[in-house]
Amino acid sequence: METLASLYNEHLSTLQQRTRDVLERHQLDALLIHSGELQRLFLDDRDYPFKVNPQFKAWVPVTEVPNCWLWVDGVNTPKLWFYSPVDYWHSVEPLPDSFWTKNIDVQPLLNADDIAQQLPVQRERVAYIGYAQQRAQALGFSAENINPQPVLDYLHYYRSYKTDYELACMREAQKTAVVGHRAAYEAFQSGMSEFDINLAYLMATGHRDTDVPYDNIVALNEHSAVLHYTILQHQPPAEIRSFLIDAGAEYNGYAADLTRTYAADRDSDFAALISDLNTEQLALIDTIKSGERYTDYHVQMHQRIAKLLRTHNLVTGISEEAMVEQGITCPFLPHGLGHPLGLQVHDTAGFMQDDKGTNLNAPSKYPYLRCTRVLQPRMVLTIEPGLYFIDSLLAPWRIGEFSKHFNWDRIDALKPYGGIRIEDNIVIHDKRVENMTRDLKLA
């Protein structure tokens, strides 16, 4: 923990420097960052599960406590008003005493509404960062100082460059997720249902289903052709052919996002396709380096998908280059190669080209690509190619001019398996790429 404490000190210094810069640029005195508020269900007396403001947990690893406030000016010790009411109806988090609290001025906030009296009176040049805009207005913040876009753009852009503390947290999240993936694979091997496989994952990771950074995707057979399948059938299918799991974990607010696909019959054609996609994914990662645009690797992955379509006799009589040019690979790989990862699963600034918020959109041919950045050291991204058999995407190709090149009998034979996705989390360094997932031997 001493090591994490020293890394956090450096992390805090980096955030303070960024804060000084953004305040000076926009003639502000401070930022007031709100953890968030509970949101009440309509016509009910219960609340939705609390999800913290990512800009708040960038500063402090407080992820489950609403009504907290952080005052930062880039110079003085950050001040945290920590919500700690007297309450016998609900459990209350005690005032934190951890590796990070020596660097933060932590003050208890007994009542959520008391923050108005706690804040400095002069706050005309203070920006509110959070989603409770009505609360900010009640505190006297002007509209232009509630989530000002230029400030958010600056903060989002530099969140792409992870500090050593953030990388350490993300490696810990990887460890937890890998434990869960191994438990889920064992559950799949024993013939469990999607629902029970998910329970095995949660048990192994120590997460509740509201704690994971995104809804776990646990898909058997053709369900894995639904990219964000989250139904979780309670009964296993009569025949189990394949298993796709896309599930992550969190550590101090930082996410892991991993996907693996398995065939029940290791000697099947589908198993061979999984193996070859795995080979192509690793080969692509071996080519990734700082200074190159992420979009280029997405296009290269489509070239590799074309190779697989040819070698597995799924598309014939047309060159790999023509497959990519004509978009034949797109119904098989309809999503992007991956996305930035960090405090959020789909982390901010994937399209942002500078700290002023200049965006470069995804190419029109690949509209679901989530990152167009030039890769730089300290960026963390997912690499998650897929190869799916999705009826709705393949249907137009059955009647088009290129239909004759599709081996429909073979495609239809693989449709009951759903699809494949293989996802690793990588860190860009100066002279190498760190594969956090494979470093933990998750095959």
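One is the number of the first residue shown, and numbering goes on along the chain from there.
From the backbone N, Cα and C atoms, a Cβ is placed for every residue, glycine too.
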Note to self: Starting from the Mn(2+) 2 binding annotation in Swiss-Prot that includes Asp246, Asp257, which of Glu37, Glu64, Glu423, Glu434 is the extra site residue?
What the structure shows: Glu423
Item checked: Residue from His223, His228, His234, His339 that Swiss-Prot also lists as binding Mn(2+) 1 with Asp257, Glu384, Glu423 -> His339
Check: What's the CA to CA span in angstrom from Asp246 (Mn(2+) 2 binding site) over to Glu384 (Mn(2+) 1 binding site)?
Finding: 10
Check: Relative to the Cβ of Asp257 (Mn(2+) 2 binding site), which residues of the same chain, six or more apart in sequence, are found under 8 Å away?
Finding: Ala177, Pro213, Tyr214, Asp246, Gly248, Leu341, Val345, Thr382, Glu423, Asn425
Next item on the list: Would you mind listing, in sequence order, the residues at least six apart from His339 (Mn(2+) 1 binding site) in the same chain with a Cβ closer than 8 Å to its Cβ?
Entry: Val345, His346, Asp347, Gly350, Arg370, Cys371, Leu381, Thr382
Margin query: I want the residues beyond Asp246, Asp257, Glu423 whose C-beta is within 8 angstroms of the mean position of the Mn(2+) 2 site's C-beta atoms, in chain order.
Written below: Ile217, Ala247, Gly248, Leu258, Thr259, Thr382, Glu384, Arg421
